[in-house]
Amino acid sequence: MNEIYVALFNISLFILLAEVVRAFLSRYNLPQLVGEILVGILVSFLALVINPVLGYSLIGLNDFVIFIAEFSILLLIFTSGMEHGIAPIKSSGLFGFLGATLGALFPFFAGYMIYSKSLGESSALFIGTSLGATSLAALISIIETEKLKGGPIDFLFSSAAVDDVVDFLLLSTVLTVVQGEKLTLFQFGFKIATLVLIWVIILLASLYFVPRISNRVSENYLIEFSFVVLFGLVLLMISLGYAPIIAAFVAGVAFAESYKTEKIKEINNVLLGVFGSIFFVTVGAEVNLHELNVGVLLLSLELTAIAFIFKWLGVFPFAYAKFKDFKKANFVAIGMTPRGETGLVIASIGISMGVINNEEFGSLVFMAILTTLIGSVAFKYLTKRVNLN
């Protein structure tokens, strides 16, 4: 059967199911992305039941569905970057940077130290890296849906963005170690410094050139121009080894400095209204029910506990130093706990290289989903109980 039409059917089905479940969960004041992830798990179950009966894969993920999912998440982060701009990063300052850095390093080292002997050093390195990554997409999804503003939100936004860069640096380091590349301490430090410097140069260059050019572009071509810049930056940064979501964030922040952003945001919000749910549905659909067993569940729960505790410990002290308020600091630390897409990407790299096995991969997938579900529900609950001003 033609994969294109199968994909169109699946995309339509995912959007419909996500809308129905989100409407139901909204009665109980639960985050929309919880419904989207649950729909993905339902899709995985339906595929397990229906596809064998039909004799072909009618329900599930293929390259065309993944394409739309990637488009939707890049668009979400791009639009959110335009909404917030560079101001949150400036306002959060050193404490935001340190919270992001330690929030990534604490779970990384905890995962490595706990599992290096039982699962092997290479597996433990990948597990630790997956545990360190905050889901920028999950956080932005809730912030944009709830229209949240205020100091703690700025801190969260900037910390989550920096967290992704820190975790990318961790992944780069882990790949070097796993592949057996021998580096001196100086070479290692130089490599990390180079990656950070390139990111800063791209960010500063984008902040300087993009708004100046976009201000001169006719409104007839503004939307098309914004997409060329967005996906041009994605291609550039992917070629340099960065994650595409980092590029989308840079592009959004750069366009925020232009006075023509409103029209771009209007079109993007229309597209997100249709396709915005697809990404988190695919995250839920990553669950392989064939691999589900007691061992996977127990390891998933262990990883989820480690991910929550050590992320909180890494972020909370710096959030408290910034706001001098326990509730606000706790709110920020809880907001950083979802792992979502970044943890899944790292786990996928690990299994493709043969560094982690199917059981470890399945556990990391469940960890990413559990932290996103629990973290987003707790975060949404706290938004009503914390003064965000």
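Each Cβ is built from the backbone N, Cα and C atoms, and glycine gets one as well.
Worth saying up front: this structure is predicted, and the values here are computed from it rather than measured.
Taken from TrEMBL, the feature domain 'Cation/H+ exchanger transmembrane' covers 16-382. Sequence annotations record features per position, and here TrEMBL assigns transmembrane segment to 6-25, 37-58, 64-82, 94-116, 122-143, 190-210, 222-255, 267-289, 296-320, 361-382.
Note on the transmembrane segment (190-210): residues 86, 165, 168-169, 172-173, 176, 183, 229, 233, 236-237, 240-242, 246, 250-251, 253-255, 257-258 of its chain, located 6 or more positions outside it, place their CB under 8 angstroms from a CB of the stretch.
In this chain, the transmembrane segment (37-58) lies apart from the transmembrane segment (94-116): fewer than three C-beta pairs between them fall below 8 angstroms, excluding pairs fewer than 6 positions apart.
As a quick check, the transmembrane segment (296-320) and the transmembrane segment (122-143) clear the bar of 3 or more Cβ pairs under 8 A, pairs 6 or more apart, so the two touch.
Here the transmembrane segment (267-289) has Cβ contacts under 8 Å with residues 11, 14-15, 17-19, 22, 32-33, 36-45, 47-48, 60-61, 65-66, 68-73, 75-76, 78-79, 82, 137-138, 141, 223, 340-341, 344, 362, 365-366, 368-369, 372 of the same chain, all six or more residues outside its ends. Within the chain, the transmembrane segment (361-382) has long-range Cβ neighbours (under 8 A, six or more residues past its boundaries) at 29-31, 33-34, 37, 41, 127, 130-131, 135, 138-139, 141-142, 146, 283-284, 286-288, 291-292, 296-297, 299-301, 303-304, 307-308, 327, 330-331, 334-335, 337-341, 343-344, 346-348, 350-351.
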